[in-house]
Amino acid sequence: MSIPSPARPAGKRPAAILVGFMGAGKTTVGRILADRLDVDFIDTDVEIVRRTGRSIPDIFTEDGPDRFRLIERNVVADVLATHAGVVALGGGAVTTPAVREALAGHRVVHLRIGPEAGYARVSGTDRPLLASEDPAARYRELLAERADVYGSVATIEIDAHGDPEVVTDALVDALAKELIPERTR
Ligand code: S3P
């Protein structure tokens, strides 16, 4: 299945870019989707670690969140310009205005997750933004703060609560529907 991106000339454009809060399943669903489309998968968090040779918690702790967002923004810009497969963005990437601008015209999928299900998936992991006395409360607060921003960049909304294979089925259906107007143009 080949998926050209909307409103973009042919070339190296991601087939789909997954956004959503921590625990939405961007990496898991992204891998499955890339597999089904027979394209490569890139997770920008993994790319940040590869390029800097440092872990994300180390960058946050040693350099601070602003520096992390700057590195992230540059990595996202490079990946969007050069990668033709599926891309997963770190959950906070869309809080950077330049990232939101860079997403314009791309096929952007919001994997929507609620506070209980999402927190259950990330509880006990080393997400630096959840390093708090009450990580569950911090998760809920951040999710509420960002609730609108994911929708503002998305061209497709997918409920991400189910099994990742089933979530990917819904995503593949939505991608196919989104392509129908292009085919009839
Ligand atoms: C972050 C989400 C993380 C990672 C970093 C910051 C965020 O990615 O980029 O810890 O601000 O929501 P995941 O969404 O893959 O957990």
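Yeah, the Cβs are placed from backbone N, Cα and C, and that goes for glycine too.
TrEMBL annotations: computationally assigned, not manually curated.
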Out of ARG107, ARG127, which one does TrEMBL list together with GLY23, ALA24, GLY25, LYS26, THR27, THR28 for ATP?
ARG127
From ASP45, ASP126, ASP169, ASP173, the one annotated by TrEMBL with ARG69, GLY91, ARG146 for substrate
ASP45
ASP45 (substrate binding site) versus binding-site residues GLY23, ALA24, THR27 - nearest by Cα:
THR27
Between ALA24 (ATP binding site) and ARG146 (substrate binding site): CA-CA distance (Å):
13
Would you mind sorting out which binding-site residues among GLY25, THR28, ASP45, GLY91, ARG127 put a C-beta under 6 angstroms from ligand 1?
ASP45, GLY91, ARG127
In whole Å, the longest Cα-Cα distance within the recorded ATP binders GLY23, ALA24, GLY25, LYS26, THR27, THR28, ARG127 is 17
Roughly how wide, in whole Å, is the group ASP45, ARG69, GLY91, ARG146 that binds substrate, by largest Cα to Cα distance?
19
